[in-house]
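Taken from TrEMBL as is:
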DOMAIN    1-122  domain 'Phosphatidic acid phosphatase type 2/haloperoxidase'
TRANSMEM  53-70  transmembrane segment
TRANSMEM  77-98  transmembrane segment
TRANSMEM  104-124  transmembrane segment
TRANSMEM  131-153  transmembrane segment
TRANSMEM  200-222  transmembrane segment
TRANSMEM  229-250  transmembrane segment
Amino acid sequence: MTLLMAFCDYVGNSIKDMVSAPRPSSPPVRRVTATKDEKENAMEYGLPSSHCLNTVCLSGYLLHYVLIYYPQRDGIAVATMLGLVFLLVMLIGVGRVYLGMHSLIDVMAGVGFGLVILSFWLTVHGYVDEFIISGQNVTSFWASMSFLLFFAYPNPEFPTPSFDYHTAFNGVAFGIVSGIQQTYNLFHHDSVPRVFSHQLPLAVFLGRILIGIPTILIVKFCSKAIAKWLLHILCNTLGIPIASSCYAPTTPKGSDTEHKQSVYLQKLVAIFPQKAYDVDTGIRFLQYAGLAWSVVDLVPSLFSYLDL
């Protein structure tokens, strides 16, 4: 589900920034944004609707999972579940139009792209799982693919937060893959205890919540701090000028720190264009990769140590 979400986010936001079709003009449309996140989301382009695209993919994939792994259902139950999925998608679409975030064309495009992505994912998800669980050089392959996806992302007509959202999901996907391929046979196989079963009663589940959630938040904070420190030192060592709007101090080209570096290291990076690189992308990627890794590797290891 998480990898599908990351895939939807990348494809949907890439199409948005490539097409660069604006949201409905406000005014005359009255756009409703009650929170800071909603105001930031409104800065993205409009086509396709990411909410509709993601809802189609995730609800459709969840429905597929239920029908495959719990097939003992009659036609009425299946029709009811299909009706609920259709109702959810329709309500999301109506809501996006009502809030002034999308036009009807944006919503229809989101549903259409969602159906295409869902069909593709249902075809390949088994191969993806098999590769992550038992493939060779999984982490290095995923790291390389994540790096390439950054450079393959299209440049929009005007800057939007879509690339930042992709960076976060890209980091989460990398963290989950790198953790799962190391610990699948320990913590994530089909025989692990199920929630609220006799193997995992409510008291143990609450203990996991009280220990797991704070651990994840601490790792997220530490990953961000380490990434800020590490990338800043690395760029200074290599003489690479950096720019940052959120996380790190800017190192302009030609600063005194560059002159203190070895000539050899500077020659290694001389092949790259001498411009200021946005270090925020790397910090955000490592921050969310650390968060996701803790969910599937560190926290389950901690549960095992504490007999939870």
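Placed from the backbone N, Cα and C atoms, the Cβ positions cover glycine too.
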Long-range neighbours of the transmembrane segment (200-222), counting only residues six or more past its ends (CB under 8 A): 193-194, 287-288, 290-291, 293-295, 298-299, 302-303, 306, 308
Remote residues contacting the transmembrane segment (104-124) - C-beta distance under 8 A, at least 6 residues beyond either end: 4, 7-8, 11-12, 15, 21, 23, 46-57, 60-61, 64, 89, 93, 96-97
Averaged pLDDT, computed only over the residues in the domain 'Phosphatidic acid phosphatase type 2/haloperoxidase' (1-122): 87
Composition by DSSP (helix, strand, coil) of residues within the domain 'Phosphatidic acid phosphatase type 2/haloperoxidase' (1-122): 87 helix, 0 strand, 35 coil
